Amino acid sequence: MSFKKSLKMGENLASESDLLSMISEYLKFGEFEETARTFEKEVKRKGKPALKSAGASRRDSKIISIYEDFLSSFNDGDYKVFSELWAKNIPPEIRDFDPVAQKLEFYLQIHFTIYPLKSPLGSHDKAEFDSRITHFRHYLETRGAALSQTTEFLPFYALPFVPNPMVHPSFQELFQDSWMPDLRDRMEKFLTVTLKASNTPRLLALYNDAGKGNKEAIQQMQLQLTEAERKSAVHIRRFAKLQADHHNLIGVTAELVDSLEATVRGKMISPEYLQGVCVRLFSGNMRQSAAQSLDFTRPGTASSMLRASVAPQRPKDVPLLPSLDYEKLKKDLLTGSDRLKALLLQALRWRLTRSLHGEQRDTVLQAFISNDLLERYSNKQKTVLHLIKCKNEIVRQYTARLINAFASLCDGRLYLSQIPALLPFLLDCLKTEEKESVTRENVLAALQKLSLRRAQQSAMIRDGLIGWLVKELNDSDCLSDYTLEYAISLLMNLCLRTQGKKRCAEEAKYVLKVLTELLGHENHEIRYYVNGALYSILSVPEIREEAKQMSMEEILRCYNKEENPELNRQIEFIIKQLNSATIPEQEPESDDEEDEDDDDDEEDVMEADLDKEEVLQPQPKELSGESLLTTEYLGIMTNMMKTKRRSCPPSSRSIDEPLQRPVTPSSHKNTIAGGEGVYPVTRQRSEDSRFSSRPATRTGSRPSTAESIHQTLATDSDCWRSSVESGLMGSPERHVPAPGQTTNSVQSYSGHMVGFASRPKIPRTPDSDAGSAGRSRLPPLAPQFSNSEPQQSGSRPGSAGGSSGRPSQQSSQSNRK
């Protein structure tokens, strides 16, 4: 017998005795006595492990343990533990439909409600009693509603509204010494019958449980398949239309090229020909008759319609979602069952993620904030935020998803930053959750988005998050792409701060080792953040020296031969930083500056991954989502809309240079997507442009900047020239002003700009004179370029482009252009 085969048999022997015992147990259960006796004899004859007769006894011992837990929680008045035991161990067909079980449950609810009043005189816990009264009232409105027409229970529906039940004549019986023992006896008899009723053999139980799980999984997959087919049909229709438009556009373009060639040869284009081309061009977007009735020969008509067809339109007549009773919502989030908590957290998140971008979503968010959904201003010992520490995994996950949704929006981040306990909770959760859990992914994403705010950056650095991130990234093969992207982008954000660089300098060799290994990771999306982190920390002389000892330049040269020219140019910048001989002047400490310098000025982006892989699926006829909120929690005038702070428009960006402001993956992806020639590099924005849709990506918004790197490079004129000249395709010899100078000559930027997406800091309140020109007309079709380089000043580490004072009027005006 081979070693491999014997090893396999040895592994099987460990469970063989259990399997044989289960077969014997099932034969006896089915009254196959003769077969069972023959089976046992053959087991002995073949020398198999002795059959265990502990199947029933093990089951009995488990029942006894459950029975004792019921009694213990009853005697201690622990209604939460008792409720979990009741829901888990009493079969649904008995719990929901058996009259005896329903009546017993009603009296048990009364017992747990008045339990605090039965404590020794003078030690009554009024707050605990109020909490239990709220729970009892919820029970009366839900499961207890079925007994509301029963005379026996009718008086108890007034219990929540009686100030002192102990002295009320209707409830005197409840406080007699005999009432509680009698109820316990009834409960014991019920449990004895109910728990013993399940005498199913383990083999049959395994079969039934497996079938039940498969059935539920099949139902869930069928729902997902139906939804996927619906989305697929929609996308197929859209694709067909886009394909037809594309083919039409190619044909029109070919004709226009022919016309241009004919014009060059001196042949004139007739108005009828132009009219025909324009009718074909617009036939897909309007009725044929309408297209033919327009006079496209009039100068400007066709071009105006083309610009109008791509101009973002503000949504019109978007209905606001109904107001909610937030007080009732918050109570049920604290006192309801775990399933109700999860359903409410899911519904609240969906209200935020599935609302339309613009006024509808702004109103939802402001309603959450103004009604203090996460109980920022509550003095209670336990708040909604504590659900992140709930024992139930789904509740924890859905709390993290909701916090992540808040963090995806600028005002949401502002609200979260005002909750002192939030950051410690998230950091604790990050370090205790399992690596691949969805909860940890959402907590990490929320922290990454909060790192756009300076106060949160400082707190994360103080709490040692940099060390934890580096340790996690050292084992990057065990991380999902989602976790990897957020972890490295969060690390980069923290490394932009002075204190963050100092933390990295404490373990410079280890940090550099981890970052250089990530340069070769198969996920190229993370390269931008790795390069940004390297560029930032290499500004510290101690880290530069350590990098030189590690032969960092040779390592970087190995990664400078890839097909991606943007990443290659970034590597060149890092090498220049590594070889910089100039010791930078003492940088001002940035960690204690005011929040007005937060890098949190991007448009809101609600990522699609917030609603991915929903583990909670509603049961048949169970309310969920918006229907749950509007059916059970309808309120009056709780939607308080206020003017939303406008985010600053994207400004001129050089994408060849390292990221120098805190970023999040989605906005960076939006930035580099624009570098492929799809969008102008810089452009003016109309008032309505804030309503334009943006692609849903992995995360929330992320700012980035180029000005601060220019300011850093200003100390080295060679690096300054390289930073401006590199990557501007077709214009390597254009005049570049020296640092600190400005020029009125127009710089012609040709080609596309991609790579280290970064942009200058823009004041939150732009100068009215400087901004008036940009708001006076709609965005032009052609790109508009800055008339001057940004004015250089002393770089403040981590704030990306801000100086000790505000940028000059000329600089901010050119940035907005």
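Placed from the backbone N, Cα and C atoms, the Cβ positions cover glycine too.
Here Swiss-Prot gives region 'Disordered' for one range in the set 430-449, 610-629: that range is 610-629. Same-chain residues lying 6 or more positions outside the region 'Disordered' (610-629) and placing a CB less than 8 Å from one of its CB atoms are 220, 223, 321-322, 324, 329, 342-344, 346-351, 353-354, 394, 397-398, 401, 404-405, 408, 438, 442. Per DSSP, the secondary structure of the region 'Disordered' (610-629) breaks down as 7 helix, 0 strand, 13 coil. Residue counts for the domain 'LisH' (15-47) under DSSP (helix as H, G, I; strand as E, B; rest coil) come to 28 helix, 0 strand, 5 coil. Summarising model confidence by region, the domain 'LisH' (15-47) averages a pLDDT of 84.
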